[in-house]
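The structure under discussion appears below in the form of structure tokens.
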Amino acid sequence: MFLGPWPFSRLLSWFAISSRLSGQHGLPSSKFLRCLCLLALLPLLRWGQALPYKIGVIGPWTCDPFFSKALPEVAAALAIERISRDKTFDRSYSFEYVILNEDCQTSKALASFISHQQMASGFVGPANPGFCEAASLLGTSWDKGIFSWACVNHELDNKHSFPTFSRTLPSPIRVLVTVMKYFQWAHAGVISSDEDIWMHTANRVSSALRSQGLPVGVVLTSGRDSQSIQKALQQIRQADRIRIIIMCMHSALIGGETQTHFLELAHDLKMTDGTYVFVPYDVLLYSLPYKHSPYQVLRNNPKLREAYDAVLTITVESHEKTFYEAYAEAAARGEIPEKPDSNQVSPLFGTIYNSIYFIAQAMNNAMKKNGRASAASLVQHSRNMQFYGFNQLIKTDSNGNGISEYVILDTNGKEWELRGTYTVDMETELLRFRGTPIHFPGGRPTSADAKCWFAERKICQGGIDPALAMMVCFALLIALLSINGFAYFIRRRINKIQLIKGPNRILLTLEDVTFINPHFGSKRGSRASVSFQIISEVQSGRSPRLSFSSGSLTPATYENSNIAIYEGDWVWLKKFPPGDFGDIKSIKSSASDVFEMMKDLRHENVNPLLGFFYDSGMFAIVSEFCSRRSLEDILTNDDVKLDWMFKSSLLLDLIKGMKYLHHREFIHGRLKSRNCVVDGRFVLKVTDYGFNDILEMLRLSEEEPSEEELLWTAPELLRAPGGIRLGSFAGDVYSFAIIMQEVMVRGAPFCMMDLPAKEIIDRLKMPPPVYRPVVSPEYAPAECLQLMKQCWAEASEQRPTFDEIFNQFKTFNKGKKTNIIDSMLRMLEQYSSNLEDLIRERTEELEIEKQKTEKLLTQMLPLSVAESLKKGCTVEPEGFDLVTLYFSDIVGFTTISAMSEPIEVVDLLNDLYTLFDAIIGSHDVYKVETIGDAYMVASGLPKRNGSRHAAEIANMSLDILSSVGTFKMRHMPEVPVRIRIGLHSGPVVAGVVGLTMPRYCLFGDTVNTASRMESTGLPYRIHVSLSTVTILQTLSEGYEVELRGRTELKGKGTEETFWLVGKKGFTKPLPVPPPVGKDGQVGHGLQPAEIAAFQRRKAERQLVRNKP
């Protein structure tokens, strides 16, 4: 390939010696001999120079549109150009490239590859893995390197058999196996589209997976029609235990229709519900953009978006910038000629670029070390390289193969952006979690296979016999149930003994409790004259204690007191009606059964059960005593001031307590404000739960409740026999609504209705109409009133659950805690945070105003000029060698203005120029200014666009002229609006003029000439100068012009001008210009006949106004 300098020094030495000998001895044939030596040296001298290394980029560029969108010629040219500018490369050699086409059929592709032998020094490719092995053998025979990103066979990694082959990317099979091993997915299926390249890819992939010991259930080929795809999907469903489906076809994200149709039909067949994982194969071969890169194909296709939730996209990681960003930067720097936008280019562009840079780096290493390079030495010197490719870091391992990082991308079935979930480190073959979990359909990963599939030196046989497995599972189930039943029986016996005897007993007697102060014997202390205070002794390091007034510990009996001391704490006894409780043993057994259900109820807003009192014929529930008494007492105590935050805190405590009880399947059945107690920390707790269950357990009949007691009971329970005692979940919600009414108005249930309780109960039982309390909006926020009405809905199924009530109630306080202590602290903190909130609010307002100002500034001035002005920099004038200007005005504008009101003139110009502004938005032009009826536009500045400026202005002019033909004035619809348009191309200077209301202005003779072209034009015509016509003709886009002749231009003399009358392919209708008079001109104003209709209509309106 390259020869070092050592042969030439010996030959030159020999040549000098022969010359001296011939001079000494006068040999006649020495001259002839020297000539022969020179002729022999010429080719060697030619080889001794730094000949270019020609890289052949081989692929199916002409037979597959998706491969042609990779723009291999542009990618190769960009890589060669950057290599030539890279100062780190040895300058003793250079690179060239040639684009070589693979045949579309694999059977013929090898033959075409052989024909390329003499066309390149080394090859990037092939892209078809079907003949990689044969191509690598030929490369070894030719001593030419094969650098491929697509080859699958792991045998190619054997450098003894294939010394001239190297991978520019990690083996796709290594990447797949690394991911499959991590998730324990062994059983795979491979499906390909019916293109020849993908069929051979699928066969190679399946063979490679099987060589790794993994079971590949099916290898299928599908056409693009629905019937073929459905048949393939049915075969996959019938295959045994397939977990992962590898799709060898073009990705749906870059326009692959086959994969799109395949995933849509899989979604219809419920195969994207998490049973299978779909993995696109082609994205393993390039870096698919995902950061800030939404995919419109997912946005516009809801079915595909939902199906893509089951797809894991594994692609080359791009750390700093995506492929689209790197391509756009190269295009902006002018390194890429005019080509499609980056989102229309295949990311395979970057892989081709990286492969060429890969060869250049290897060549550079070889030449620096040895001064020469062969194909085998290139592969050898590609080991342990590291360089930055097109948009990612490229690294190689000790064998010279690429070890780039990959990333696993995922969606949640609702978004159209991909998110990175795991990094696949191919250097260690490990996965690193990136913080965002994979969203699997159904909420859990696809079922894993046995670990033996990925264990070395182990053989998996595919599982045990199903019948044997069922027998084993059944036997284990019987054994497990037997063990659990025996354990449950033992546990019940032990618990029963412990609950009746010992420290955990729940059946209490007079020996366990001490009753105090007979004045506490009224209802739950609601009307008790308890006098106590909480004295905090935090400073002394002791816990708070209760201090009582003298005489508060007067001895009492169980007959006249409900308060007692149990284990040093105050407790409340809820007494049951007198009755026959039976034998003490039955009481013990029943108490044990009930406590099994109630002992685990531990919640901040549920008053805990401490046990049952049974002695001297009395049975009672023992619970904690709450010093603040019941909610009913607090509401009726005028000394307690309650704001809405205080009320909402109490209600939220009640909601949380009832939510907890309902989660534990406990129906309260007796929920009232007097059954809600408040402790010393103003924490509300629900009590008396389970009372009805205990009545049923003891088979006791309850006294008939009074009408006042029934005001909290739901209507359906009032109407149902025995409903009051049974209760229901929906009935508890209704009772909560009545308590809400009590808290809001601080009054009894239905206190505003002014009716006796009995009549209220009768109306509740017999609707219509539905009878409910009436609460004024001034008592609570509208959201709370609405929630209360939902809770007391007549139909029980329409009432919300406490989970829904809790979620709604949280939003009323905007997520703030409603605990009383927290509320007090928040009030104190609010003063200190007010200033911060005010500053933040003002800062946000300032930022919004700044954005508005910047937006207005960029609408008035070019972006680059606006940025300079914002930075306080001086905007230097800028010269433009060639731009095209557009001028237009309204024919007869003076006459129209004279016949119109000022506001009508403003409306006319606003309507017309709004229409123009909408049109220029679709062209590469810049609106300079409007003065009166004059409209000025330029193209080619401030952003240069080559020679396109004339075409952009011409296209815009045709669009404007077409739109004006149908434009009507609001106040003069009968009068036509005609415009004259003038176009001219030439140099201008642009700059910002003035400090007050600065404007971006254009200067130069081109501006004057363009204005003259407009003023000398005719209505409904586009007057074009020779310079503009010349540019349009060079563009060869089919513009139709007519020669006007020589025209007198003020200050310019006479010049030859033209009319622009259309363009090939332009189908919009153009207005017909007025006829030209005998003098070759038309009027520059409105004709009397044109305004006669308007004058006649105006006179008629005046007559109507003057009529009495």
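Glycine is treated like the rest: Cβ placed from N, Cα and C.
Within its own chain, Cys104 (disulfide bond) has Pro60, Cys63, Asp64, Asp196, Ile197 as residues 6 or more apart in sequence whose C-beta sits under 8 angstroms from its own. According to Swiss-Prot, the disulfide bond annotation covers Cys104-Cys132.
Counted with DSSP, the domain 'Guanylate cyclase' (884-1014) comes out as 52 helix, 39 strand, 40 coil. Annotation source Swiss-Prot lists domain 'Guanylate cyclase' at 884-1014.
Annotation comment: Swiss-Prot describes 1-50 as signal peptide.
As annotated by Swiss-Prot, topological domain 'Cytoplasmic' applies to 491-1108, with the evidence given as sequence analysis.
Annotation source Swiss-Prot lists transmembrane segment at 470-490, citing sequence analysis.
Cys104 (disulfide bond) carries neither a helix nor a strand DSSP state and counts as coil.
Long-range Cβ neighbours of Cys132 (disulfide bond) (same chain, at least 6 residues apart, Cβ-Cβ under 8 Å): Pro126, Ile146, Ser148, Ala150, Cys151, Val152, Asn153, Leu156.
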